[in-house]
């Protein structure tokens, strides 16, 4: 059973762990990554014990091609590079 | 944290938020003196989730560690890895500081009575400063609700607090215990008993009455975190709003109590430690990782039990310390 329900805005982004974290009663941190949130995962586990929490969040905020303050800048898409080559002299340049 | 009898402070443990106060963000496996407080005589200390508080005999209060919720009380959201004096209290006399997960309480000794301040995260009402939920405050604000009440001790853990008055009355506020809703301002316990000590976990409170009995608020997780089916059932049985006497201690006079995040410990008049609650990390000291739903005796070993002296107990989030002081 989930130890607690925690809103995503109450979790802290941990740069070293690359995950949203929240204190676990054992002294470690409940953790959930952006990738997990993207696919709709809502369980944040503690690496040191059996406890886990349920993360409350708006799935749309973590869907692909959306950004918020905590996300990395979106990676450049391959089509952007192709378009740059095309624009060099009107035709595809390799 | 440990305060030596001559006013020096030693800290150890997790330090990656600077909460150990050594000027770095290192974790320490053994106690080390906080050098920047060497010139002060520290009379009281408190360890929160990732911040720490220190009070000197002259009434100054220092904080360090994570400040991202304003819990250091310096008027900003900066973190510090060495203790910094809380300037708000410079012309006042601080008696105690209590550090929770993301907030702090300060108790003042004032000519006209004692005053209580709160700062840090207030989303669960743990600051007790408003009828509304407050996201956070980064400077001390006075906590109302203690008119004509002399508060002598404060304690904080997770997102709630407890205070005891000189008359033995218990006040709690912040995140509710068990299934109760949060309290945005201090609530006096309706019990007619007089209480001398209070300890807080993350979902429970332990209180010790003047006549040596132990009561609990909340605690539906106790002994049941490892068994989800029982946890679900217990939530329906008790809403955690009522003080319930801890079973299994009939006829036993208790002199000390302590609470970890999800476990509890007591010391009897005979110097016996009894413990119960979450046991997954061996924090019950019973030789297994089983949860216990009622108090069990901890053996400190024949050598310790044979000697005369006093025993005290302290609980961190997921661990327990027993301190034996022997008479020479």
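From the backbone N, Cα and C atoms, a Cβ is placed for every residue, glycine too.
What TrEMBL records for B:5-321 is domain 'RCC1-like'.
Sequence annotations record features per position, and here TrEMBL assigns repeat 'RCC1' to B:7-58 (among others).
As annotated by TrEMBL, repeat 'RCC1' applies to B:59-110 (among others).
The repeat 'RCC1' annotation in TrEMBL covers B:114-167 (among others).
Per DSSP, the repeat 'RCC1' (B:168-211) is made up of 0 helix, 23 strand, 21 coil. If you look up TrEMBL, you'll see B:168-211 (among others) marked as repeat 'RCC1'.
According to TrEMBL, the repeat 'RCC1' annotation covers B:212-270 (among others). The average pLDDT the prediction assigns to the repeat 'RCC1' (B:212-270) is 80.
Taken from TrEMBL, the feature repeat 'RCC1' applies to B:271-326 (among others).
Taking H, G and I as helix, E and B as strand and the rest as coil, DSSP gives the repeat 'RCC1' (B:59-110) the counts 3 helix, 25 strand, 24 coil.
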